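Before any comments, here is the structure.
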Amino acid sequence: MAEHEHGREHEHGHPHGPTGDAGCRCSGSTSELVRFSVTAPDDLLRRFDEQIARRGDVANRSEAVRDLIRASIAKEQMRTPDEQVIGSLTMIYDHHTGDLTRRLDEVQHDYTDEIVSTMHVHLDHHNCLEILALKGRGERVYELADRLLGLRGVKHGELTCAATKQSLGL
């Protein structure tokens, strides 16, 4: 790999002369690409490469890692107090665990402004699926998810959020 004049290797493997990026085939971003390394087990990397190949919309491993970094930053930004988000919280839990159903209800009643709708599905004699449609300030939505998913008896859960038109300025 060639290096930038600042001593950094260039992502695409072609040299940049003393005049900088003139004629560069890079993506057009004004940010300079910086090479860093990541250590991962062989099987994890193989599975990641297979996922990249299945998606077909990502050029290479580096672009896939950049996508993950951007998604992580966007997710964290949605946790801020002023960011308006919409989302869903999906939980699977054992309703026979202690007083879990009462505690789930108590927490949800503390967030009536954020909970738009709920759906409850009985999966089997012990397990339930609950899906909450959410809307509100990111800080409150993530706080609600953290409180619910942290309850003993909740086996699995995931919060998926997106920015609203308002927060995107549309």
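Every residue gets a Cβ built from N, Cα and C, even glycine.
Just so you know, TrEMBL annotations are computer predictions that nobody has curated.
Copied from TrEMBL, the annotated features are:
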| type | residues | note |
| --- | --- | --- |
| COMPBIAS | 1-14 | compositional bias 'Basic and acidic residues' |
| REGION | 1-26 | region 'Disordered' |
| DOMAIN | 34-76 | domain 'Ribbon-helix-helix protein CopG' |
| DOMAIN | 86-161 | domain 'Transcription factor NikR nickel binding C-terminal' |
| BINDING | H109, H120, H122, C128 | Ni(2+) binding site |
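On the structure: features taken from TrEMBL.
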residue	record	contacts (Cβ under 8 Å, 6+ apart)
H109	Ni(2+) binding site	none
H120	Ni(2+) binding site	C128, L129, E130
H122	Ni(2+) binding site	C128
Collapsed DSSP category at H109 (Ni(2+) binding site):
helix
For the domain 'Transcription factor NikR nickel binding C-terminal' (86-161), how many residues does DSSP put in helix, in strand and in coil?
22 helix, 36 strand, 18 coil
What's the number of neighbouring CB atoms sitting within 10 A of the CB on C128 (Ni(2+) binding site)?
19
